[in-house]
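Visitor: Okay, here's the structure, questions in a sec.
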């Protein structure tokens, strides 16, 4: 396991002095803030609905730094998401996998983000969160419901997660790091 982190550290050494700007969005109550503070503090914190945003610098892998903007997901706040798009280098889109009634709404919001000119080509990692809850659907069904596989010209990944336990969260962050590194390289040409 230590060798894996050592290799990841070497792989992402060019991030050290240049934190990647990551936008974390999703519908309200999807678990965005719980994910953020699990990564930041490695503990579960009591959260309240985010009105506005939380911003934290996290280092999910040694030598790798993200500035994560966790923006509230309430319907009235979503119109403000576009103000966070500029210079975003990665999107973490959090979905409540147990809330089947909101998949269409979540899909529409994700498509609105991905269709923005400011988000052209920006990689996305979908966190199919709350996998521990009864009735949660698996990652393949979440991908199907969000129609993420139809995305052309964009790298993406979907990861099942359980924010309170951290299950899948660190893997999602590692995948985000890999995708962001590729994206930054493509932007430098």
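For all residues, glycine too, the Cβ spot is worked out from N, Cα and C.
Below, the features straight out of TrEMBL:
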BINDING   26, 27, 28, 29, 30, 31, 32, 33, 73, 129, 130, 131, 132  GTP binding site
BINDING   33, 50  Mg(2+) binding site
Visitor: Could you tell me the maximum Cα-Cα distance in Å between the residues recorded as binding GTP, namely 26, 27, 28, 29, 30, 31, 32, 33, 73, 129, 130, 131, 132, rounded to a whole number?
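Guide: Taking every pair among 26, 27, 28, 29, 30, 31, 32, 33, 73, 129, 130, 131, 132, the longest Cα gap is 21 Å.
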Visitor: Return only the integer: C-alpha distance in Å from residue 50 (Mg(2+) binding site) to residue 28 (GTP binding site).
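Guide: Answer for this pair: 8 Å between alpha carbons.
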Visitor: Fewest other C-beta atoms within 10 angstroms of its own C-beta: which of the binding-site residues 33, 50 fits that?
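Guide: It is 50 that, of the binding-site residues 33, 50, has the fewest other Cβ atoms within 10 Å.
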Visitor: Cβ atoms within 10 Å, counted per site: which of 32, 130 has the most, among these binding-site residues?
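Guide: In terms of Cβ crowding, the pick is 32.
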Visitor: State the count of C-beta atoms found within 10 angstroms of the C-beta of residue 26 (GTP binding site), not counting that atom itself.
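Guide: By my count, 25.
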Visitor: Across all chains shown, how many C-beta atoms besides its own are within 10 angstroms of the C-beta of residue 132 (GTP binding site)?
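Guide: Its Cβ has 15 other Cβ atoms within 10 Å.
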Visitor: Looking at Cβ-Cβ distances, which residues of the chain lie under 8 angstroms from residue 28 (GTP binding site) while being 6 or more apart from it?
Guide: 49, 72, 73, 74, 75
Visitor: To the nearest Å, how far is the Cα of residue 132 (GTP binding site) from the Cα of residue 33 (Mg(2+) binding site)?
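Guide: Here the two Cα atoms lie 17 Å apart.
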